[in-house]
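The structure under discussion appears below in the form of structure tokens.
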């Protein structure tokens, strides 16, 4: 009979086959599978077998230690994450060392940056071998910081990548955190720049960008603008200055401006022959009745030109309601689009994420009960979806029409085919990354690398410190 090991809620273990002399694991008998933090996961074929390459930051909040490995794939498995979303993960088999015992376990690979532990030890890996004392921790011994430093010192890497600035307003937003993390994980120096704290020197001989009281921003290779609608004018001015300084931007200022002006964007879509709901725009209240008739009558959608994330969008269910809202908005000098309501969509739409002229991910969004807006910020839900070829073509064409490198393209399914709703130049990452499990932030960083012709240096094979 095998002697069982008693462990606490967290323990240090090692995975020698991966070159991990020590990694802290969360012990969770409530989880069936074990998982390991991994990123830059790339599948490939070797001797007609499926393999993956991946990288690991074994120490929480320390990205200077990077280990790269290649492993054969056992399978791909659906695993329900903490948000209740099922992710498809690669599964590998590795030898686990826990205390003085060792045995093979299966590990699923996923990005655990948002979680407190780089590894989770689930019940399938412990059955018949481990007893868990949930009130204890480090039952098999703890490690001091200096011990960890000695173990991982040979594996620390200096950042020799690009210097990339994220131009935004709040570094704590999910999308911004993910972009900063993704850049660091690929070996780049990431810097957050608050839009409002940047200011410029306009000089044809020596244009400059200053930040927070006089610091001159120099040697930046690329900028990712993530500009809030409320600061579009200033944010685009700052982005243009970076462009004037010869710095690559992931979405230039003019395409961002086009995407923020719903009327201009719609006119560009029409010019490029892209299918969209019938839309009307007028200035005088005398034209209200004909404007409503123009788009097929009520019910219809009313959109403020300056709205975003579902704000400033109203469903007018009757002719009288539509007239009242339109005339009220005109009396306030608010610019308003009137748009055909696509009833057969049933409160659903598609969000296609486009990077570098390709749809890299897509979700179907469903409106919350009692609402017609499917935006996740308005309480809608999302799930991964396989889009049709004509939907993929429409998303890519819309992005090109505006000149964007990265975009979230909203499409609605109708009886006459896919219709283009809107293109977002700063698409949120949380909903779509959670629903699909795809590292979209990493793909955005890779697009910067592609634009600049930067080739990532292969990391050396890991060595276990003695």
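Glycine too: its Cβ is placed from the backbone N, Cα and C atoms.
Features of the protein shown, as given by Swiss-Prot:
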- 303, 340, 341, 349, 373, 374, 375: ATP binding site (BINDING)
- 410, 422: Mg(2+) 1 binding site (BINDING)
- 422, 424: Mg(2+) 2 binding site (BINDING)
- 266-449: domain 'ATP-grasp' (DOMAIN)
- 1-161: region 'Unknown' (REGION)
- 162-466: region 'Alpha-L-glutamate ligase' (REGION)
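Feature map: Swiss-Prot annotations on the structure.
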residue	record	Cβ within 10 Å
303	ATP binding site	21
340	ATP binding site	19
341	ATP binding site	17
349	ATP binding site	23
410	Mg(2+) 1 binding site	21
422	Mg(2+) 1 binding site	23
424	Mg(2+) 2 binding site	18
Report summary line: Listed in sequence order, the binding-site residues within 10 angstroms (C-alpha to C-alpha) of residue 424 (Mg(2+) 2 binding site) out of 303, 340, 410 are 410
Query raised in the report: What kind of secondary structure is residue 341 (ATP binding site) part of, going by DSSP in three states?
Result: coil
Report task. Taking only the Cα atoms, work out how far residue 340 (ATP binding site) lies from residue 410 (Mg(2+) 1 binding site), in Å, as a whole number. Result -> 15
